[in-house]
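Let me begin by presenting the structure, written as structure tokens, before commenting on it.
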């Protein structure tokens, strides 16, 4: 999936306009000319100009080409499914981490990831267990990173 | 003199030496794994350094980053996959050399000239930093403003690929930099009522997402079986380099100087240094036609260049508190944590620490010879770990790294968002580096602009009101106009031909 | 099928974990100490030394967790939202009396159970060594007579505690607030560096923060916003003596817990904190780092925090910084 200059330019332009509108709610510092609105507005103007330039360039050089170039992998539904699965997996991990605790949620995460990368099933559990325990020990125990203990089934560390 | 002996005592402590050895091994490992960068080696070290003495923390980062930049060359030479972006410039040459049986020469050259470059950069750091610090004491927000702007613009114009896509990346980084209330006006922006977002977008989780998590996603999509690694020969690897050095003394020096300068430039790091040095080497070479086909000349110059850039990047980091590259961007945070606030006064207030830091730098680069040698020998084993197993493990490391920065799941969420973003950017040929720079330098740019404007009561001309500021300002504007001038020049040349 | 047999198991596990704390004596596992400011700063240092002392007292690890950002809102929110079981405590700083006035959060000092105040640093008044003003009174007269915007001050972000310190003093002396422009900075040391470079004229931060530069002869301390002169800076008179103003401000740090802790846990913690405070180790550490020592028990702390909340709120409303 690769956006051409026209598509990307249009996106940048729209993003810039949205950013500018959103920045108008901010006000300068009392007694000053500039303030919280300055940086976002400058960035917004930059994005708008950049978007326009890309649009013009794209219209000039990309005539006859597709707006979005579909690369090989993007035609394969399985790849999309894998990508979505990995994203959703990490998102779910974030949601449950505090509740379930680091050990169990990480175990599940690594195991499913290994399954997604088609590791031999017999290896999945040993690798996941060793990895999680090593990480838990190195970061949680030795480096005192406050990895969530979880509310159920938490280990004595 | 007493501070110097104190500094030696600080460094030559078995704990510090142990830390250097371990972090050196860690850096070599991370650098040698395709997709894991030297920057990430540093980022992963940060939570660990939290619990170390200041010198141990700095020693760990210095050693790991220097090793990672070198070891990125190993998979490049063996598999034609650069381990870090800094090794990408000359990967064709080193791989071709290995293929034609000159593997020892290639790997030896990469190792030895990495060490030479690293030591040269360190010497410049030692000699030039205190001098630069004197100048920097006179720097106020006006000068810093231009310096930051210079860093932002340099990154765009030197980064490979299309300029417009580089600018898109910069805009993405700057937008992310706007989030939160830790800006000079203390007004919350784009937080959508979320408490965690008040603190803004933490740069390290974002970076772990953009680089490492995006790499995991890419593997899910493009995952392919790696060709079996070639067995490296190590006999006579180091000794044969004398001849190479004698043949290319000028190239070595040029690589050293270019690397240090580019490293010292805010925002441009080892990867950019390598690209420029390789291009320069080819441009001035007597046999440019051999480049890319297994010629050692480019390896010498660019290999020295990227490692000297690692040291050079510390110059602005220490003197101005402005990162020279993405590694030192992390380093600055660590320095603050350790109470070694970067800035011109660090050379006076923390003389012992600074000297110790310099010693660590020299030691780390010397340590590279034995460790690098072992790494080359061991690389066949490391590279034999299949990526399908490596990637899920890397993912867990990323999660812990991101978590440890915010000490909450918020860091992981940030990492995920930026991982998806990084994947989309890479698929669209939008470079990552400018986005990172926007995120790091954006807040500094805003801080210096707003404070300057308060001081000058809103008079924009004040940005040219002081001699150094005016000089820096003119330089920035010239760099901005350079592409236009070059285009005009090229146009005329073509017309004449 | 499987799910059905799993659920009671989970329920059993849940009740088990819920019951255990009551059986064993507090503390039976590590305690988390949330610090709302970055590692390496003053609050972090106080938090870490206290964690170490409490660990000795309570016999269980006390781990410092930095939750930074948003001018302290992130960390303070984390403390207040933790379970009030005594296993999460935190360092609550004076910013808790400012952030809700700014409209950043609903969180106020009333959401915390204060255990003790363990440190307080009076505000100060510093100018560069080459500045024309030798006393605080001379500086005050200049602030009154110079055109607005000529004089600039720095030391914290916009609306930060030292900004309020200056505004409070100006209000007490009837100096129009727009006469001095505030240049936001990342902390007092950045402001002091800028002052030495000539970018601003005064920094109203605590004198301890300027100690290195005062000792180096680059910065002059004109006054201390306290009743007595500070032992470490005998040359800086109390503000009352220097200009006649009644303005006083001390930046304090307290140990607090989320509201609703069991009484026995509370008593045990408070006793441990007091013991830690009185230890020689703590006293030496604070003196060495130049931090001011100040003790107040739970009731006194709660009162001081509430008083400062009213004072700071009034200044912020006057200055237009409150929402």
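Here the Cβ of each residue, glycine as well, is placed from N, Cα and C on the backbone.
Looking up the ranges B:283-303, B:430-450 in TrEMBL, the one annotated as transmembrane segment turns out to be B:430-450.
Which of B:220-253, B:390-423 counts as transmembrane segment depends on TrEMBL, and there it is B:390-423.
Using the rule of three or more Cβ pairs under 8 Å, pairs at least 6 apart in sequence, the transmembrane segment (B:357-378) is not in contact with the transmembrane segment (B:197-217). Contact check: the transmembrane segment (B:313-337) against the transmembrane segment (B:470-489) gives fewer than three Cβ pairs closer than 8 Å, residues 6 or more apart, which falls short of the contact criterion. Below 8 angstroms of C-beta separation, residues 85, 141-142, 144-145, 148-149, 151-152, 155-156, 159-161, 165-174, 176-178, 182-185, 200-201, 203, 206-207, 210-211, 214, 266-267, 271, 322-323, 326, 329, 422 of the same chain, each at least six residues beyond the ends of the transmembrane segment (B:430-450), sit close to that stretch. Contact between the transmembrane segment (B:197-217) and the transmembrane segment (B:12-32) is absent: fewer than three CB pairs lie under 8 Å, with pairs separated by 6 or more positions in sequence.
Away from its own ends, the transmembrane segment (B:12-32) comes close to residues 38, 40-41, 44-45, 52-53, 55-56, 59-61, 63-72, 74-75, 83-84, 360, 363-364, 367-368, 371-372, 375, 379, 382-383 of its chain (Cβ-Cβ under 8 Å, at least six residues beyond either end).
Packing against the transmembrane segment (B:257-278) from elsewhere in the chain are residues 38, 69, 84-90, 117, 120-121, 124, 147-148, 150-152, 154-155, 158-160, 291, 298, 301-316, 320, 322-327, 433, 437, 441: each is 6 or more residues past its ends and has a CB under 8 Å from a CB in it.
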